[in-house]
Amino acid sequence: MELAAWCRWGFLLALLSPGAAGTQVCTGTDMKLRLPASPETHLDMLRHLYQGCQVVQGNLELTYLPANASLSFLQDIQEVQGYMLIAHNRVKHVPLQRLRIVRGTQLFEDKYALAVLDNRDPLDNVTTAAPGRTPEGLRELQLRSLTEILKGGVLIRGNPQLCYQDMVLWKDVLRKNNQLAPVDMDTNRSRACPPCAPTCKDNHCWGESPEDCQILTGTICTSGCARCKGRLPTDCCHEQCAAGCTGPKHSDCLACLHFNHSGICELHCPALITYNTDTFESMLNPEGRYTFGASCVTTCPYNYLSTEVGSCTLVCPPNNQEVTAEDGTQRCEKCSKPCAGVCYGLGMEHLRGARAITSDNIQEFAGCKKIFGSLAFLPESFDGNPSSGVAPLKPEHLQVFETLEEITGYLYISAWPESFQDLSVFQNLRVIRGRILHDGAYSLTLQGLGIHSLGLRSLRELGSGLALIHRNTHLCFVNTVPWDQLFRNPHQALLHSGNRPEEACGLEGLVCNSLCARGHCWGPGPTQCVNCSQFLRGQECVEECRVWKGLPREYVRGKHCLPCHPECQPQNSSETCYGSEADQCEACAHYKDSSSCVARCPSGVKPDLSYMPIWKYPDEEGICQPCPINCTHSCVDLDERGCPAEQRASPVTFIIATVVGVLLFLIIVVVIGILIKRRRQKIRKYTMRRLLQETELVEPLTPSGAVPNQAQMRILKETELRKLKVLGSGAFGTVYKGIWIPDGENVKIPVAIKVLRENTSPKANKEILDEAYVMAGVGSPYVSRLLGICLTSTVQLVTQLMPYGCLLDHVREHRGRLGSQDLLNWCVQIAKGMSYLEEVRLVHRDLAARNVLVKSPNHVKITDFGLARLLDIDETEYHADGGKVPIKWMALESILRRRFTHQSDVWSYGVTVWELMTFGAKPYDGIPAREIPDLLEKGERLPQPPICTIDVYMIMVKCWMIDSECRPRFRELVSEFSRMARDPQRFVVIQNEDLGPSSPMDSTFYRSLLEDDDMGELVDAEEYLVPQQGFFSPDPALGTGSTAHRRHRSSSARSGGGELTLGLEPSEEEPPRSPLAPSEGAGSDVFDGDLAVGVTKGLQSLSPHDLSPLQRYSEDPTLPLPPETDGYVAPLACSPQPEYVNQPEVRPQSPLTPEGPPPPIRPAGATLERPKTLSPGKNGVVKDVFAFGGAVENPEYLAPRAGTASQPHPSPAFSPAFDNLYYWDQNSSEQGPPPSTFEGTPTAENPEYLGLDVPV
């Protein structure tokens, strides 16, 4: 017979359906259309399964039933979890009048929840049938209460006597959201069907009787109702109801759509664990329930496993193991370490597709005590399969099952070796749980075997399923087993037929032994008794124990005869022992050591590896006594008692020991003397060397080779500063637009003033002083510089005012008016500024377009030194511990290994150029910052901007090489972009560039600065610090503020440590400058090196005041141009003439020599030393960005709130949960910010920036 391992639920008893106590639940079958294994007992099998059952946890399969079969045991069924199959029956009616719902958790042929097939009389089509004979077969469905099929369709075919299947409104029965709802039925009948009863509305019925009218609960409902009890809008059922209801509440449902919780329909069962929001603890929920099928139960039924998630299951999930409690309940428990290996049977894991035990898989069960799965022995097991190369199973191979104690599935045997008279290879099998049932019904099946007895003497439990034993013509002892004691629920039973009659067994003496209690046994002999009437010795029943006579002597414990210890002396008139241990003897057979009987006294025996050996001897009474001498080693000489003899030392041994000791002492003395002498020689040599060096030194040593940092820091008075307008505010303090009026001078200098808030922590003051130290030491026209510092109670940094804001906002605002010359000039200037920082050994770490300020449309400066770090003279790289960093601008080694070098700044420079060429687009927009490292390692880079030629884009790509040494140096970038700036339209292609306006001279932020009337009559900060009076005019008044700009522009820009630099620009009242004229400072990047070298004809027409900033730096700090450039980056003759470059035909007349002394230039290799009084954080990083008590790190990026311009100390609402837009620091989890009362402008936090203190 073909075998299929079907996983089915066992027989159960639990509370399930709404409003009913003691609802009986039973399992279904899974045989489909196969013939029953035992047709003789098939009806009995169904009766045992469904007698009194109300909920079928599985499939209801009614097949191959005769015409006279009594099916009254089906009348209580109300719910079927799987599908319902009525096929190949000859009965006229199936009494399922109470069936309400078919859930369709399993479907027949994967489509149908209800299948009625071939229920006909074999003589139905025979024309010679006897007249007046009523054909057999199903005549009516009579499913009068069926109002819901949740999933699956209907299949009705081959039922010639069946009526009314087409009178049913199946649309009302099938659920609206039922995706698999085909209705496939034929109406071919061999008889005429009466009409439905007149009381049936719309002529819908299940049978001829008025009680069989169809109850409609779906199609008659008003809009929005899934089920209802009537046509009125108030008749709607609760949304958790299925099959209809008696009222609107979820306790009025006829069946539950999801789960039934004590008569109330719920979407989920109550969780076992709840969260207490008051105590922040997880607590046991006293109302928690386990999920079992469509019901909520307090405990899982027997033979089911409870899980931590609150479900009842048959198989534990991965990384869990079965645990049986003392009360017999079973649960799945998570393994604290890798779960121990288990033995899997058929239907599980790698044996899921195996049909039977064969010679190929039997060795997997060697040594197994518990098998998770089933065992099946088919004829092919012992015949083999030559086509697949499987050898026949030999009988001796079955000995591997002698250690087996438990099977979680079923045991099926339809073939067995003829030489075996029983199943004694399973003599130690105690439990067959039946979590997996054969045909969905049987946990033990024995059929067609030649055995004479069962031999399962240790079997004590069949946890679920029926036992089927039939067609075993030689088998006796079937009825001598107390099967009721093995079963665990009332639906279990033994089905047997075709076995050897008991009378024939009795005639041959195949009966239970007389020592078997109640005549219960598994086979002949005293070893096959279920229980013994007298005593049990091992596995054998005996009349008495060997307490007084016989060897070995025994003692009695209950009804078990247990042997005494072998060292116990047998007694004739009393018990020999009262236990099985050596210290439980009445007398010893040999010797007694303490309280235990021993065969011999311990002689040199170590009771434990860590103890000394013990020596004992027996006295006259046989009691072990300790020896006078306890030898520990070399115990060779023993006396007559077996104790160690006294050892006398030999003179040779003494002499050898003395000589060896003396030699060792002499060697140690010599070694110590040598070491002392060498130590004195080294001290003498070092002393002489030091004295010689002290006499020969004539000048101080400079081991590092670093030149002193002679940068100057201006200390300003608070009375010299005048604050006009708030530019930004944050957690650390406020940035103001202001004026610096030096004492004793009639000048006004526009500045940006950063003021720390009150009660600033000492660490915050130290960090801002560190930033001031870095800014004060720079000296490049392309790097923002510090003007001074005011040491009031709240430290104030004073920086240059920049009128156009940051470069990022500038290119976004004027993207339609920027030319290729503008973009390339900015690239050159940024590269020169970074090249200068490389020379002074300063790693910027935060280069981006937002950190480049625009002094004029032709002049930009690098700023934001909040993350910048100086390298010592012997350092080439910097390793950071954490803090805020811009992930999308950083090199890969900086993200992964926190390694920052000048070459990592080259990577950031490439991203900055990309921002310019895309007019302020966001790099890697839409990609989370956490994915950036993997994206870069896979080779992905930013795409080529539309306006860039391949020449410009290849420079960007070189900046983004994984190997930092393969990236270009900044001096090389200066050279490359300077070459491109001479022919800009060849390398940057902008549509309609020639038709567009000139470079923008105005900005939104510039106009905002014009609102203040006090900004007139001002002097540029750089002109004041490095005056060039008398260069073009001997009149010193030209250097004053009288001829300075009358109207000014300013913008606020984010600066790394709180720096905000602003500058000046002529107003619209002044006449327009020549395109060749520089604007405040270094001017356009067409000026390379000394800005006073190489003056063209256009420069000669400028006023002395306009050209004075050009003479501020005597030498370009990055890379001097070759002589033939004459100090300019001019376009080639074939190129159009853009702004800011000299005309090709204009040649410089004569070089101009600055009359004033140029500012000191730091030589190459010079470094900016850290001040000894300032102690940065780890590795020089000042990473406590929350030290100021808030979450906004750099308020310069924040626009001031409306209405705060007139307030010197604005206090807008500030949420500490927000941070700077471009950075995200994860160090906040390690140290919380101190309480702060300061309120600043909120900004959104950008999650695309991560801290480096957590691996990316």
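Every residue, even glycine, has its Cβ placed from backbone N, Cα and C.
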Of 200-219, 320-339, 1200-1219, the range Swiss-Prot labels region 'Disordered': 1200-1219
From CYS7, CYS26, partner that Swiss-Prot gives for the disulfide involving CYS53: CYS26
Candidate annotated as N-linked glycosylation site in Swiss-Prot, where the set is ASN125, ASN1227: ASN125
N-linked glycosylation site according to Swiss-Prot, picked from ASN68, ASN759: ASN68
Where Swiss-Prot places region 'Required for interaction with KPNB1 and EEA1' among the ranges 131-144, 383-396, 565-578, 677-690: 677-690
Local Cβ density at ASN572 (N-linked glycosylation site) - other Cβ atoms counted within 10 Å: 7
Number of other Cβ atoms within 10 Å of the Cβ of ASN260 (N-linked glycosylation site) across all protein chains: 28
Distance from ASN572 (N-linked glycosylation site) back to ASN630 (N-linked glycosylation site), taken between C-alpha atoms, in Å: 40
Least Cβ-crowded entry, counting other Cβ within 10 Å, from the recorded positions listed as ASN68, ASN531, ASN630, SER729: ASN68
Minimum Cα separation from SER729 (ATP binding site), reported as the residue among glycosylation sites ASN68, ASN188, ASN260, ASN572 that achieves it: ASN260
Closest of ASN188, ASN260, ASN531, ASN572 to LEU727 (ATP binding site), Cα positions, glycosylation sites only: ASN260
Cα proximity to ASN531 (N-linked glycosylation site), best match among recorded positions ASN68, ASN188, ASN260, ASN572, VAL735: ASN572
Inter-residue C-alpha distance, ASN188 (N-linked glycosylation site) and ASN572 (N-linked glycosylation site) (nearest angstrom): 91
For GLY733 (ATP binding site), the one of ASN68, ASN260, ASN572 that lies nearest, given that the glycosylation sites are compared by Cα: ASN260
Among LEU727, VAL735, the one of these binding-site residues whose Cβ has the fewest neighbouring Cβ atoms within 10 Å: LEU727
